[in-house]
Amino acid sequence: MVPLNLSEVSEFRLLGFSEVSHLHPLLFVVLFSLYIVTLMANMVIAFIINGDNTLHTPMYFFLIQLSCLDICYLSVIVPKVLENLMVGTIGISKTGCAIQMFFFLFFGVAECFLLAAMSFDRCVAICYPLHYTIIMNNAVCKSLVAGTYVCGTAVGLVHTIITFSLPFCGLAINHFFCEIQPLLELLCGNTSPSEIQVIVVAVFAIVGPFSLIMYSYIRIISTIFKMSSAESRQKAFSTCSSHLLVVTLFYGTASSMYLRPKSSYSASVDKLLSLSYTVVTPLLNPIIYSLRNEEVKGALRKRWRKITSFV
């Protein structure tokens with residue numbers, strides 16, 4: 001194919017779920033429902049934690065940040081998907097596509113590093129309980145969160161600028177948003193440098209934080225096994241189980257998506273994977289943290305009693 005002059009390109013076409021157009025009405029209802037429920041669940045978690053003084057601790061400070069990231073992450077993707085399901089193939093401007101890719105990467109990478117910060121918090125709480133309040137002070141917590149946003153910004157800018165400075169041989173993106181892999185399919189000529197770029201970014205944004213998480217949990221497990229009381233071990237494990245579930249969900253889908261060569265790319269499979277980490281994971285996060293956390297459930301019950309007492 002003859003390369004298109006990028007300066008002449010004004011719009012891409014998002015094909016979305018065109019291969020199953022007969023299911024569009026059903027998919028719209030399901031995704032719209034999940035979107036609303038996810039937004040409400042994450043907002044409720046943030047509201048409950050912010051309104052309960054007993055939950056004003058580093059762990060719950062990070063949990064509020066996670067809920068906010070999930071809300072933003074979801075809102076970057078789902079509205080365009082719903083539009084696609086309503087009208088079929090839709091156009092997105094080159095600028096709009098670049099902005100969507102940037103914020104998708106920004107929020108996704110920030111969440112990777114936030115999960116690492118949350119594992120560090122749990123490591124300090126279990127391994128150094130007497131020094132926890134000193135180490136995890138307000139300034140440290142804010143610095144860790146700021147660091148996650150800096151990393152997200154850096155990855156988003158570098159990746160977006162490099163990708164959109166390359167020549168494209170096609171304008172039809174076989175996906176429901178401006179994902180990295182489908183855009184690589186549209187690049188002209190040898191795409192190996194771009195594939196290497198994706199892998200390098202993935203190593204930094206996925207493997208790097210995941211390695212920190214694994215190191216933290218090695219320290220945590222080592223400390224737990226040294227505890228003499230079975231009750232203490234059970235309590236320590238319970239404080240980490242929710243975070244481990246979230247990490248498994250998020251990193252499992254993200255690594256299967258980005259830590260592989262383009263030769264194994266499958267549009268249908270990748271759409272399903274993308275749905276899992278852009279829609280399902282943000283929904284499960286607040287459910288996992290609320291259903292498996294007695295303090296959050298207690299705060300929810302307390303808030304509910306206050307609401308019902310006025311009715």
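Sequential numbering from 1, following the chain as shown.
Glycine is no exception: its Cβ is also placed from the backbone N, Cα and C atoms.
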Where TrEMBL places transmembrane segment among the ranges 166-183, 274-291:
274-291
Recorded stretches the transmembrane segment (196-215) and the transmembrane segment (60-78) touching, at least 3 CB pairs under 8 Å:
no
Mind checking which residues of the chain, 6+ beyond the ends of the transmembrane segment (236-254), have their Cβ under 8 Å from one of its Cβ atoms?
59, 66, 108, 111-112, 115, 118-119, 122, 125-126, 206, 210, 213, 217, 220, 223-224, 227, 273, 276-277, 280-281, 284-285, 288-289, 292-293
